[in-house]
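Participant: As listed in TrEMBL for this protein:
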type	residues	note
DOMAIN	123-167	domain 'P-type'
DISULFID	CYS125-CYS151	disulfide bond
DISULFID	CYS135-CYS150	disulfide bond
Amino acid sequence: MMVEILCGILSGGLYGPTINEHKTTFDPMNLSHCFIAINPECFAPGFAERMQDLMDSCRSQVPASGQSSVMVAGDPEREHMKLCDSLGGIPYHVNQIKFAKHTMNYILIVCLLGVSVGQLWADTCTMSTSQRQDCGDVSTTATSCTAKGCCWQVTTEAGRPNCFYMIADSTPATTSAPPPAPTPASSGKKVFIHMMPWFETKASNNGQWGQHWTMANMNPDIIQSNGERQIASHYYPLIDLYASGDPDVIDWQLGLMRLSGVTGVIIDWPGSYNALDYARNRQNAEAIIAGTQRNGLQFAIDYEDHNLALANVADTVGQATQDMEYLQNNYFSKANYVRINGAPLLLDFGPQTLEGSQWDQAFTPLNPKPLFLPLWYQIGDCGTSGKGEYPWIYSDFMSGLQNFYSNHPLPFKMGVAYPGFNTDYAAGGWGGPTWTIPVGTDTFSQTLSLALANADYIQVATWNDYGEGTMVEPTRDFGYSFLTILQQQLGSKHTQADLEQLTTIYNSKKANQGNQAQLALLETQRLALINS
């Protein structure tokens, strides 16, 4: 049963999803595809685990009755081959049909992560009108036709359908594995984007806007004269306010990064202690981590040791040790976690709470020890655990960066690029710096060029810290301009048009919530785009 369902799904279920019980008028499930698509090398990491989930689900299916249990090919008592000969088509049992229809979209989305249609024996809409097999009825429209994976081309030829099934392309494509996550083409530099997982909407946060949209006194329910919500930022997200754990948002964000040529993300991580909003931020971070696997990106963690003090943790070293164990057990073991010379990369936004040998104690359970980087000029506060440093945004701007790169020897040094600094703390009612660095493409181009000239590993600060005005995520203020600079300087083959197309797909997903067939098509388009 599992093999028949899996082959059917992987071989063309998206293109011809109508399966009749025990027979088909014609066979839309082109099994010749299956033996290419089932090659595990074509799939994203975690293929074996996803297949185990599928097997467990198949085995849990309950037959409708003892008299209608699933038939097995070659079983003479069930007259399997007789049914096949007399009725035609593939003798799917009613339970198989039900299961396949309910799981088809899930399997396509979760399994075919690294495979674009062009990498298989792709089905095509290109054929003569005489080859068309009807996929609709008198009420079928162009939208409903394409939503179920069929072709729509209007013809005036009598007796020929406008909506018809795809057929197998006569030209086989290659079966090579999907391309790896892109890296800067010219020099092999590794560029990561620092990402905040802390945004919430009323829908995701029990009717309350998240504090990083509001700070102390902003109210996003107030719509301003420009049509934008009132938020604690001088800048406004292109897709409006969002929840960091929304899978559609995550796939849009990480897909944009992929199209911009970066290697991965560095996620601001709150720790494993459940206080304040830490649990929700950690949940969002783990949704982003799952998204990196879907989108072919690497990831690393930037630990917030200051959160130990903010949460009034009594035993800070003990809790930090638990945090390190959590990282090792849940993140470091993942295939796409960033490793440098075999050591997992771990940053800290500090130190601000732990100091000296306390870091050595916290790292006791870790094996191997991480490549641990505190903020610039802080390696002396890390005991023997510090292995280098990374720079951040500061008021001395280019002179500070040039001094760090040129006059501060370290065993390992990251670079940084950022678009500027312009906080909304004063208006938002939070404490924090009020100095500024002009936000714009000039600042970003300067800092990125300097980083590429001085470091092999570079962090973009940040993807989405709206409160500090350091976001390179598309906004209504700057559009895609920061990402197109990344594309140009990192040698990406993609352009702004690709970024815009991904946003169109995201908007279409939000407009088609609940329409599983259409969502599956959109996800296939998204995957084909980011893997192109």
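Count begins at 1; order follows the chain as displayed.
From the backbone N, Cα and C atoms, a Cβ is placed for every residue, glycine too.
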Participant: For CYS151 (disulfide bond), which residues in the same chain are close in space, meaning a Cβ under 8 Å from its Cβ, but six or more apart along the sequence?
Facilitator: CYS125, CYS135, CYS145, CYS163, PHE164, TYR165, MET166
Participant: Of all the disulfide-bonded residues given, CYS125, CYS135, CYS150, which has the fewest Cβ neighbours within 10 Å once its own Cβ is left out?
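Facilitator: Across CYS125, CYS135, CYS150, these disulfide-bonded residues, the one with fewest Cβ atoms within 10 Å is CYS125.
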Participant: Do you know the mean pLDDT across the domain 'P-type' (123-167)?
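Facilitator: Here the mean pLDDT over the domain 'P-type' (123-167) amounts to 77.
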Participant: When the domain 'P-type' (123-167) is classified with DSSP, how many of its residues are helical, how many are strand and how many are coil?
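Facilitator: For the domain 'P-type' (123-167), the helix, strand and coil counts are 9 helix, 8 strand, 28 coil.
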